[in-house]
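Look at Swiss-Prot and you will find 184 tagged as active site. Taken from Swiss-Prot, the feature ATP binding site applies to 34, 35, 36, 91, 92, supported by sequence analysis. The annotation Mg(2+) 1 binding site is assigned in Swiss-Prot to 124. The feature Mg(2+) 2 binding site is assigned by Swiss-Prot to 161. Taken from Swiss-Prot, the feature D-ribose 5-phosphate binding site covers 186, 210, 214, 215, 216, 217, 218.
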């Protein structure tokens with residue numbers, strides 16, 4: 001078995017390789033003068049189960065993944081398996097308006113044509129899984145988050161909307177904490193009102209948990225609401241921390257701490273999903 005770590009996930013891939021006592025293979029990469037990407041693998045991959053760990057968030061990451069798949073397949077590998085901790089374009093899992101592509105379907109079909117299996121962590125919408133002709137597994141980071149907060153003093157786990165309530169319920173019950181969600185009510189096509197339930201939060205410590213932090217608007221507003229209700233400590237966590245346009249700054253106007261998983265590497269990625277990935281690989285390689 002060999003673990004390949006692409007640029008976006010090299011740190012996570014290293015942790016996985018160390019835990020599984022497997023060789024970590026890193027690609028030789030450079031840019032041509034015209035900006036195109038060169039990828040080469042100088043390793044003995046013949047007869048191996050190969051696991052490529054890398055995100056498909058940015059266009060550059062997608063190109064790196066496709067070129068890597070093609071290069072690895074040139075060896076007589078036993079299998080080539082994609083693990084994309086953050087699976088990009090999954091929010092375009094259907095056609096919302098005429099003339100749009102179903103982006104996640106296009107990329108999933110490409111990846112499936114070059115691989116034996118695909119896995120990701122908490123995909124945005126499970127519709128994307130159905131677009132693959134090979135097994136596509138959605139792993140879950142709940143256990144990593146639960147382990148991280150197991151010894152942190154928290155009174156409530158909060159979902160910033162009702163859509164994430166089941167995840168919050170699961171985490172809260174595992175931690176033995178109470179939970180609730182912040183209600184969203186659309187006033188008009190430009191205005192959404194957010195309101196917390198009538199709960200006394202004076203002096204309480206709360207954890208806001210979401211699947212993705214992108215622009216951070218919902219999380220920032222949720223933090224503000226909870227602070228106004230008297231919360232003394234506000235933790236913010238998410239599975240995927242994208243932090244578009246440095247959105248962490250507006251979140252930290254009211255939140256005290258931010259902790260996200262390392263599906264996307266960054267300054268707040270101190271909750272690792274490496275054990276979740278290791279267990280998945282061990283199960284396939286058994």
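Each residue, glycine too, has its Cβ placed from N, Cα and C.
Mapped onto this structure are the features recorded in Swiss-Prot.
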{"residue": "34", "record": "ATP binding site", "contacts (Cβ under 8 Å, 6+ apart)": "none"}
{"residue": "35", "record": "ATP binding site", "contacts (Cβ under 8 Å, 6+ apart)": "none"}
{"residue": "161", "record": "Mg(2+) 2 binding site", "contacts (Cβ under 8 Å, 6+ apart)": "181, 182, 184, 218"}
{"residue": "210", "record": "D-ribose 5-phosphate binding site", "contacts (Cβ under 8 Å, 6+ apart)": "159, 160, 164, 218, 219, 237, 238, 239"}
{"residue": "214", "record": "D-ribose 5-phosphate binding site", "contacts (Cβ under 8 Å, 6+ apart)": "242, 243, 244, 247"}
{"residue": "215", "record": "D-ribose 5-phosphate binding site", "contacts (Cβ under 8 Å, 6+ apart)": "244, 245, 247"}
{"residue": "216", "record": "D-ribose 5-phosphate binding site", "contacts (Cβ under 8 Å, 6+ apart)": "243, 244, 247, 248, 250, 251"}
{"residue": "217", "record": "D-ribose 5-phosphate binding site", "contacts (Cβ under 8 Å, 6+ apart)": "247, 250"}
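DSSP classifies residue 35 (ATP binding site) as coil under the three-state reduction. Distance noted between the C-alpha atoms of the residue listed as 'Mg(2+) 1 binding site' and residue 91 (ATP binding site) is 6 Å. A count of other CB atoms within 10 A of each Cβ picks out 124 as the most crowded of the recorded positions 124, 184. Long-range neighbours of residue 92 (ATP binding site) (same chain, six or more residues apart, CB within less than 8 Å of its CB): 100, 101, 102, 103, 104. Take the CB of residue 36 (ATP binding site) and look out to 10 A: across all protein chains shown you find 9 other CB atoms.
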